[in-house]
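Structure first, commentary second.
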């Protein structure tokens with residue numbers, strides 16, 4: 001009986017640990033603690049299966065509405081406005097906007113103004129975006145117009161997120 005009780009307690013501890021390590025859309029937008037990466041399946045970890053941008057990254061959307069806001073980073077309270085708000089209008093208009101949440105690549109000010117090529121894993125639709133903001137969901141928050149541009153089959157809208165690959169590219 002003692003071994004059965006010990007096994008049951010161990011199993012319950014494992015289940016509680018596994019449940020607490022969920023993240024992303026599967027867990028209501030929860031982020032991973034201790035700088036762990038959130039996989040495309042909604043689990044926290046540190047290996048390439050969790051952190052590699054070529055293994056899938058959850059992408060949601062945000063209503064920056066840059067055209068309606070005059071391409072003004074201050075008007076949308078973008079994190080990068082401190083450094084990039086005074087860039088020429090043509091620079092701010094050239095690419096769609098995104099918030100970058102990692103898991104791989106520079107973060108904070110070092111990511112501001114950099115560009116990503118984002119590829120929808122299901123349809124292979126691609127777009128180049130400029131990082132103007134930061135986020136904490138372990139993926140990307142594309143401007144809604146950019147999200148719609150690569151959501152060519154409508155599944156992203158239906159699910160509330162897309163699975164994408166991204167890579168840093170020259171702007």
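Glycine is treated like the rest: Cβ placed from N, Cα and C.
Remember, TrEMBL labels are computer predictions, not curated facts.
In TrEMBL this protein carries:
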type	residues	note
SIGNAL	1-20	signal peptide
DOMAIN	20-82	domain 'Chitin-binding type-1'
DISULFID	23-38	disulfide bond
DISULFID	32-44	disulfide bond
DISULFID	37-51	disulfide bond
DOMAIN	52-171	domain 'Barwin'
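Projection of TrEMBL feature records onto the structure.
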{"residue": "23", "record": "disulfide bond", "Cβ neighbours (10 Å)": "27"}
{"residue": "32", "record": "disulfide bond", "Cβ neighbours (10 Å)": "23"}
{"residue": "37", "record": "disulfide bond", "Cβ neighbours (10 Å)": "24"}
{"residue": "38", "record": "disulfide bond", "Cβ neighbours (10 Å)": "31"}
{"residue": "44", "record": "disulfide bond", "Cβ neighbours (10 Å)": "22"}
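For the pair residue 37 (disulfide bond) and residue 23 (disulfide bond), the Cα-Cα distance reads 9 Å. The average pLDDT the prediction assigns to the domain 'Barwin' (52-171) is 91.
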